[in-house]
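TrEMBL has this to say about the protein:
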- 6-27: transmembrane segment (TRANSMEM)
- 34-50: transmembrane segment (TRANSMEM)
- 56-76: transmembrane segment (TRANSMEM)
- 88-110: transmembrane segment (TRANSMEM)
- 150-171: transmembrane segment (TRANSMEM)
- 208-233: transmembrane segment (TRANSMEM)
- 239-256: transmembrane segment (TRANSMEM)
- 268-284: transmembrane segment (TRANSMEM)
- 296-314: transmembrane segment (TRANSMEM)
- 352-377: transmembrane segment (TRANSMEM)
Amino acid sequence: MVAFGITALYVFIPLGIVIFVETSSIVRRVRPIILCYIVGILIGNSGLLPEGSFPVLDAISTVTVALSLPLMLISLDLSRWRELTGRAGLSMAFAFFAIMSSSAVCFLLFGSGIDESAKIAGLLVGVYTGGTPNMAALQRALQVNTESYLAVHTADVLVGGVYLLFLLTLGRRIIRKILPRYRDSYTEGREIEPLSLKALRTMITDRAGGSVMASLGVALGIVVLGGAFSLFFPGEASTVAAILGITSIAIGASFIPRIRELPHSFKIGEYVILVFCAAVGSMADFTKLLTTIPSVLGYVTAALGISILIHLLLCRIFGVDADTMMITSTSAIYSPPFVSAVAISLNNRNLIFPGITTGIIGYAAGNYLGVLLARLLTLV
């Protein structure tokens, strides 16, 4: 009964937060994912949860990560990568190379003074090629402790927020002086809207209920298959195998039109990630988190800053234009929903399609790249 009550609480926390964000002018600009972490930390450190709650929270975080991956990946049209022109594809590759290189460099420079530094490098590659779902999956795959994971996410919010503000304000003027001007060759694409109360209302209507259950059923089937795949691997390797197995099966399923066209699966995945964030927040020891953040903040700042400079330099050498660089940087470091805002600030809506497409590819590639780098760095 206690486990059921705790699970129900965390399932409904994101709903309350989405309602609060949309009805309060004070927090309207704050992302729900940040508030879920904050609420989770407050609940977990308040003493309100009964004894023995940690295993329940751990189970919630494990299940939500596993479900969110297929829910978000099966809805992505990965065949669209063929439509990318050379500049966007090249800039995307540069962005991926830049974050892997900078994370490796920062590991070599600062790694000895930071716990789990190789794993943190893997988290950074995951979040800065894909997004928060990738970082959440990698936390499980690499078995990163909760305090380190939350410290990385907190640092990412702070440092990433500064860079996003730069892109939306001064970035356009400065980067357009460094890189060539944009040349039109793209067609407009659809926007990906962030999770909203309207989307949640649509999902719970009678007509949509069947498609929601279908999406959850497909996702659950993929999780079972991925979990079965992990049985062939011993010890710690089984967790990595499960995450990569689920990712691979979900990518394969996305090429089946009937599965890819299931409505709401991406939004359901977003909601499930919010449940994960609240649960993980409650598992963190706030005192340990405060002592971990300062060193990790420097690590994340250096890794992101160096990666942006490498990306900019490579685009300069190979003649990628300023607008394409900024859009692909946005889709890699943030996620597809942020592309529209930056494209509008650039007064260049033609870049919405390639930006969303590169972001989709980042979602698919982030887990592989994060695991790869973390494993390589452990050999150093």
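Backbone N, Cα and C define each Cβ position, glycine as well.
Please treat TrEMBL annotations as automatic predictions, because they have not gone through curation.
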Suppose I define contact as three or more CB-CB distances under 8 A, residues 6 or more apart in sequence; do the transmembrane segment (268-284) and the transmembrane segment (56-76) meet it? yes
Please work out which recorded stretch in 208-233, 239-256, 296-314, 352-377 has the most C-beta pairs separated by under 8 angstroms from the transmembrane segment (150-171)? 296-314
State, in range form, which of 56-76, 239-256, 296-314 has the highest count of Cβ pairs under 8 Å to the transmembrane segment (88-110). 296-314
For the transmembrane segment (56-76), the distant same-chain contacts (Cβ-Cβ under 8 Å, at least six residues beyond its ends) come to 2-3, 6-7, 10, 44, 133, 136-137, 139-140, 215-216, 218-220, 222-223, 226-227, 242-243, 246-247, 249-251, 253-254, 259-260, 262, 265-266, 268-270, 272-273, 275-276, 279-280, 282-283, 360, 363-364, 367
